[in-house]
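Everything on this sheet refers to the single structure shown next.
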Amino acid sequence: MNAITTIKCPQCRKETTLAGNPYRPFCSQRCKMIDLGTWADEGYRIPGEKAPESGDEEPGDE
């Protein structure tokens, strides 16, 4: 049984295959680049404490 695995593109939600897809998990280069641009523009954020600004001392540095 050789079932073809399909997933939804995280950007446009279009169904796409994993096997042989050079842009996976995206359906196309366009969706991949849109996602990369969102990361570059800091549109996505990982939860946590804000990082210290450059020039600020680290906690414990005195």
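Any Cβ shown, glycine's included, is placed from N, Cα and C.
Taken from Swiss-Prot, the feature Zn(2+) binding site covers C9, C12, C27, C31. Counting Cβ atoms from all protein chains shown, C27 (Zn(2+) binding site) has 21 others lying within 10 Å of its own Cβ. Under the three-state DSSP scheme, C27 (Zn(2+) binding site) falls in the coil class.
Here the compositional bias 'Basic and acidic residues' (43-53) has no Cβ contact under 8 Å with any residue of the same chain six or more residues outside its ends. Annotation source Swiss-Prot lists compositional bias 'Basic and acidic residues' at 43-53.
Annotation source Swiss-Prot lists region 'Disordered' at 43-62.
Helix first, then strand, then coil: DSSP counts for the compositional bias 'Basic and acidic residues' (43-53) stand at 0 helix, 0 strand, 11 coil. Those same-chain residues not listed among C9, C12, C27, C31 yet with C-beta within 8 angstroms of the centroid of the Zn(2+) site C-beta atoms are P10, Q11, R13, K14, T16, F26, S28, R30.
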